[in-house]
Amino acid sequence: MGRGKIEIKRIENPTQRQGTFYKRRDGLFKKARELSVLCDVELLLLLFSSSGKIYKYHAPSVHSVKEFVQRYEAATQTTILRDHCKEINSERAKMEKSCEQMEKEIRIMTVDETENYTVPSLEALERNLEAAMERVRKEMEHKINREINYLENVVRERQEEGYSLCDKLSHVQTINDIAGASASVNHDHDLDLKLGFN
């Protein structure tokens with residue numbers, strides 16, 4: 001009996017998905033190894049798992065991943081590594097500028113007693129502190145309003161649950177009353193029958 005075809009789609013069960021990943025990865029690496037040995041080719045295989053972990057295989061003739069990528073860049077006239085370095089340097093420059101700006105703002109908002117401030121610089125410091133206080137107040141109001149809305153929703157849900165339980169209790173009580181009345185009628189009817197036979 002041959003193996004059945006499987007549908008190629010994402011495996012929903014995480015344990016099964018991970019097991020399949022390891023099996024298929026090992027199979028893929030085995031095929032890459034066979035291809036490199038049988039056909040005497042240089043190859044590099046990179047895999048990133050869903051958690052971001054990297055797995056790599058390169059032919060024994062490939063000394064390093066970096067060297068292989070540089071050869072690829074030369075062959076295809078692209079600049080993978082250099083573009084990536086430019087991106088990183090640009091991002092670092094932005095972060096450094098942002099840090100400098102934040103440090104400047106912190107220095108502006110603190111009063112150094114050893115410093116001889118002018119009246120205009122103290123007025124500027126006062127304006128900055130008032131603006132910061134206003135931002136803090138707005139954020140606090142926003143958070144308080146969100147908490148109030150959340151609590152109001154919780155109270156509303158509990159009230160609805162209470163009403164629902166009252167309705168159910170009332171319904172059960174009505175059924176019990178009807179059952180009790182029916183039993184009483186049947187009991188009276190049975191007594192009448194017994195008395196009639198005597």
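Indices start at 1 and increase along the chain as displayed.
A Cβ is built for glycine as well, from the same backbone N, Cα and C atoms used for every other residue.
Annotated domain 'MADS-box' per TrEMBL: 1-61, in sequence order. The residues of the domain 'MADS-box' (1-61), classed with DSSP into helix (H, G, I), strand (E, B) and coil, number 26 helix, 10 strand, 25 coil.
For 85-175, the entry in TrEMBL reads domain 'K-box'.
Sequence annotations record features per position, and here TrEMBL assigns coiled coil to 85-146.
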Model confidence over the coiled coil (85-146) (mean pLDDT, whole number): 78
Within the domain 'K-box' (85-175), residues counted as helix, strand or coil by DSSP: 82 helix, 0 strand, 9 coil
